[in-house]
Amino acid sequence: MPAASLLRLLLRSNPSQIFQPKAFLSHLQPRPPPPAAAVFCEQVVSEAIFLNLRCRRWHDLDRLSPAITDCLVRRVILRCRQSPQLALDFFRWSEENRQQRRLPPVCLGTHCAVIHVLIAARMFDESLQLMKRLMQQGGIAPLDLLASLGHVHSNCWSDLAVYDALVRACTQIGASGDAYSVIRMLKCKGIRVSIHSWNNLLNCILMLRQEGVEFWTMYEEMLASDCAENVKSFNLAVLALCREFRLLEAFSVFSRMMKKGIPPNVFTFNILIDGCCRKGNIDFAFELFNQLGCLSGLNVEPNCVTLNSIVNGFCKARNSAMGERFMREKLSSFGIEPDLKTYSTLVDGFAREGKLDEALRLFVEMLDSGMVPNTTVYNSLLTGFFKQGYVEDAWSLLLDMANDHASPDHFTCSILVDGCLRNGLVKEAFRILEKIREENLIRDPVSHNVLINHLCKHLKLKGTKRVLANMITCGLAPDIFTYSTLIDGYCKDNRVDEALQIYDAMVKDERKPNLVTYNTIIDGFCKEDSVEIARLVMDEMRRDGLPLDVLTYNMLVNAYCSKGKADEAFALCIQMRRKGIMGNESTYNVLINFLCKAGLFQQAKELLKEMFDRGLHPDQITYTILMTWFRRNFNANDVIELHDFMVLRGVIPDEYTYNTVVSPLLMSEKIHTKNSLCSGRMKNHEEIVKLTEEEEELFTEARTLLRSCNFSEKMIDTEQKQ
């Protein structure tokens, strides 16, 4: 029967059944059974559609379109399950046809039917695309999609892989929470969640940088569900531990993996090697690389990623020359050619070390090998040129960058602004900022923050308002760094009230202040002699659960000491220790200076001894404080004795203090080198640091002599006699 005649027959039979619109999820609502005539009509149309599909007669299908309902589309799709591509083509035709006729879209149940058919045929990419479109464009909640997939499941002869695909679709759009909701619902329904679903969820959490408590909570739940871990599960656990710098635990997981008989793959070794390099254990990474074949039973060979990780480790350790040597030796022996990443890493490493000649040599080598340098390579060279003051070379390189069609990115813009400011070209920095704004290259506040930071450091706070206005014009909102920099600038300019106004604006903008912000405010109050208000700010930090650091305590200790409040200062030190925060050199310098000022020299010497006992290294400030006060209150021999005591323990004297305090005493007392480290020949700092062989021997003799005489007790006895 011709299609046109069939259509007229159907329209006479029951047109209301043919053109009845279907809503999303309508298949879930109970409906009365259709009349027998309607069922017959649907069967006839279904047969006609199927015959036309087999012959790919799409024009004949167009004539049947008024009679094609959601139910018919679903029936035809299920009938075509042995020809999944044909089912998908018909589904797409149905969507386009409905759109042209301005009808409601194909219902959710029909979507689920085609998804089941595609999953059964292992056409995962197409099914994932449909699921993601339903969730992102159709606004379908993942749990509603799960319910519909479950409802259609019994009619599709599909398998449980459809649920794995739904979890994967959620993770591919970054919806880790929705993926977990689907997993939890499946568990509630008694449906076993496969290891593939768990792996996709854990991988999504890592990709979204949500590792930490959330990752390990999910990981433990996976283990509790008796899922058999595979190599990907172990790799994800190793990656999470390496990101948290828990290297020993990462190797413990690796060991557990080997004991379970799961062979590691190249990704496992790449993760571990990269983790070692990131933590600075380049030697261990190198050893692991050499043992890779043995540990894998000769089943794994390093790839370019493995080698690039070690090259990157050497460059991060400021040993780019060794990184290049490794590249030359190992890449050739394994038959792997260096790629763009290899050269990019080495160029950046040499540029950071200030070895621009080496960086440019590798840059030329890249060009000669036919590689096209990307924006990252140019950014590394630009940074190096500006840092060494080669401004003209930087502009020339920028021109080459344009000629090579390497488009500047927002990092390039920040480098240009920072480079101009670094070389005193403030007006040029403003011009560059304006130009990149006109070319719509600004994607984040970094370029503006660089300029604001420069202006705040030089206390040119009026200029910051102009930069802020430029930011708002670009549609950018100030970030935490912007606010913190402005607060620091106003505090340094003794305009604490205005700094607090910026702080209030920051809170209203829902930017949570961090430790740097609070420390800046505390420093401002301390310098304004409002130490009690600064203490209140510290208490607020503690209430907000923000961890305090040694810098926070040092500022308050210094402020209390400046006001002569010894009890409060030392009480803070005790509190600091109870919190597990150990004082640093700055803490001791403040307290030693305070004790010397109060005439408590015995206690100051005890603090100095405590510094050495704790493994802290007194610096030039410590040396200057003690030398200055001892010169005023003790005789020449005691001053020289203290000087020797500190120098013998590795303290490098301040040159000015040595020349103005110690050297005149040596000259006046005519102390010779035979019984003391400090000879008349040692008139400046360089002679103290660069000891000759003869003085090295004297150094050893002096140290032995001082140990036998118990030098510290001798100092105490001298003070008591005075």
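Positions of Cβ are set from backbone N, Cα and C atoms, glycine also.
As given in TrEMBL:
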REPEAT    230-264  repeat 'PPR'
REPEAT    265-295  repeat 'PPR'
REPEAT    303-338  repeat 'PPR'
REPEAT    339-373  repeat 'PPR'
REPEAT    374-408  repeat 'PPR'
REPEAT    409-443  repeat 'PPR'
REPEAT    444-478  repeat 'PPR'
REPEAT    479-513  repeat 'PPR'
REPEAT    514-548  repeat 'PPR'
REPEAT    549-583  repeat 'PPR'
REPEAT    584-618  repeat 'PPR'
REPEAT    619-653  repeat 'PPR'
Overall pLDDT of the repeat 'PPR' (549-583), taken as the mean: 88
Tertiary contacts of the repeat 'PPR' (374-408), as residues 6+ beyond its ends and Cβ separation under 8 Å: 340, 343-344, 347-348, 350-352, 354, 356, 359-360, 363, 366, 415-416, 418-420, 422-423, 425, 436, 441
Within-chain partners of the repeat 'PPR' (303-338) [C-beta distance under 8 Å, separation at least 6 from its ends]: 266, 269-270, 273-274, 276-278, 280, 282, 285-286, 289, 292, 345-346, 348-350, 352-353, 355, 358, 362
Chain residues outside the repeat 'PPR' (409-443) and at least six past its termini with a C-beta under 8 angstroms from it: 375, 378-379, 382-383, 385-387, 389, 391, 394, 398, 401, 450-451, 454, 467, 470, 473-474, 476
Contact set, same chain, for the repeat 'PPR' (444-478): CB under 8 Å, 6 or more residues outside the stretch: 410-411, 413-414, 417-418, 421, 426, 429-430, 433-434, 436-437, 485-486, 488-490, 492-493, 495, 506, 509, 511
Close approaches to the repeat 'PPR' (584-618) from elsewhere in its chain (Cβ under 8 angstroms; 6 or more beyond its ends): 550, 553-554, 557-558, 561, 566, 569-570, 573, 576, 625-626, 629-630, 633-634, 646, 649-651, 712, 715-716, 719
Secondary structure tally of the repeat 'PPR' (584-618) (DSSP, helix then strand then coil): 26 helix, 0 strand, 9 coil
Tally of residues which DSSP labels helix, strand or coil - the repeat 'PPR' (265-295): 26 helix, 0 strand, 5 coil
Residues of the repeat 'PPR' (303-338) by DSSP state, where helix covers H, G and I: 27 helix, 0 strand, 9 coil
Three-state composition of the repeat 'PPR' (230-264), taking helix and strand from DSSP: 26 helix, 0 strand, 9 coil
Tally of residues which DSSP labels helix, strand or coil - the repeat 'PPR' (444-478): 25 helix, 0 strand, 10 coil
Helix, strand and coil counts within the repeat 'PPR' (619-653) (DSSP): 26 helix, 0 strand, 9 coil
